[in-house]
Amino acid sequence: MTLPDGVPRHDFDGTTSIATKGHPEYGEATDGEWRRWDPHRSKLGAMLALGMDTGLEGGQKTLYLGAAAGTTVSHVADFGGPTYAVEFAPRPTRDLLDVADHRENLFPLLKDARKPETYAHVVEPVDVIVQDVATRGQARVAALNRQFLDDGGRLLAAVKARSEDVTADPEDVFDEVVAELQESYEVLETEQLAPYHEDHLGVVARPLE
Ligand SMILES: C[S@@+](CC[C@H](N)C(=O)[O-])C[C@H]1O[C@@H](n2cnc3c(N)ncnc32)[C@H](O)[C@@H]1O
């Protein structure tokens, strides 16, 4: 079954969930080739489970910022097109390389997402940027990488409030980050990712022309 967002759903022991077909990576439930995409382990998964209008269609070229060990990007690559996965920490990147071994369309890049000039020669224009960097300056990271996004493309970002300011009210942090994002993107939709992820805001945006 495929719903309008283009991400398949599959039934696991009587419960329907977002799912992709591919090599299992993090102990997720499986059924034959199907692997359950756990929204509790993935901010993008939570955005999908909450019904946000991500514009995902399958087969899209994707730049993924903050890939960590590859939990979410493994699902993205399962149903997407060429998928460039940027992560700056060497330890999780080692696990990401194993995830990429099972996916010929997944290209790990041990790079800093604040320095897009270091991977601009490798990454082609993309339809989607997924961002989950959980670092200070999340709006700036999105702005710096806007150059890779096709005009009709989408930014799908998870903003972690405590990465910007541990003491501030998350609502205030979200307002500030969204205001800064609006300098380079039109923000189409925002939604808090609770109960899957506390104090995180899911953002769907498209580049300003
Ligand atoms: C919350 S984790 C990502 C989890 C992952 N997106 C998933 O769902 O499987 C955030 C990751 O962003 C990485 N990160 C933070 N700042 C970064 C930067 N400037 N460039 C690249 N990676 C960064 C961290 O090392 C960490 O692995």
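One-based numbering along the chain as shown.
Using the three backbone atoms N, Cα and C, a Cβ is placed for every residue, glycine included.
Heads up, TrEMBL stuff is auto-annotated, nobody curated it.
TrEMBL has this to say about the protein:
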type	residues	note
REGION	1-32	region 'Disordered'
COMPBIAS	22-32	compositional bias 'Basic and acidic residues'
BINDING	THR71, THR72, GLU87, PHE88, ASP112, ALA113, ASP132, VAL133, ALA134, THR135	S-adenosyl-L-methionine binding site
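Taken residue by residue with DSSP, GLU87 (S-adenosyl-L-methionine binding site) is part of a strand. Listed in sequence order, the residues of the same chain lying 6 or more apart from GLU87 (S-adenosyl-L-methionine binding site) and placing their CB within less than 8 Å of its CB are GLY66, ALA67, ALA68, THR93, LEU96, PRO108, LEU109, LEU110, LYS111. Same-chain residues lying 6 or more positions outside the region 'Disordered' (1-32) and placing a CB less than 8 Å from one of its CB atoms are 38-39, 41, 45, 48-49, 53-58, 69-71, 74-75, 77-79, 99, 102-103. Within 10 Å of the C-beta of ASP112 (S-adenosyl-L-methionine binding site) we count 15 further C-beta atoms, all protein chains included. Counted with DSSP, the region 'Disordered' (1-32) comes out as 0 helix, 15 strand, 17 coil. For the binding-site residues given as THR71, ASP132, ALA134, the lowest number of other CB atoms within 10 Å of the residue's CB is seen at ALA134. For the binding site of S-adenosyl-L-methionine, formed by THR71, THR72, GLU87, PHE88, ASP112, ALA113, ASP132, VAL133, ALA134, THR135 according to the record, the largest Cα to Cα distance is 19 Å, rounded to a whole number. THR71 (S-adenosyl-L-methionine binding site) falls within a helical segment according to DSSP.
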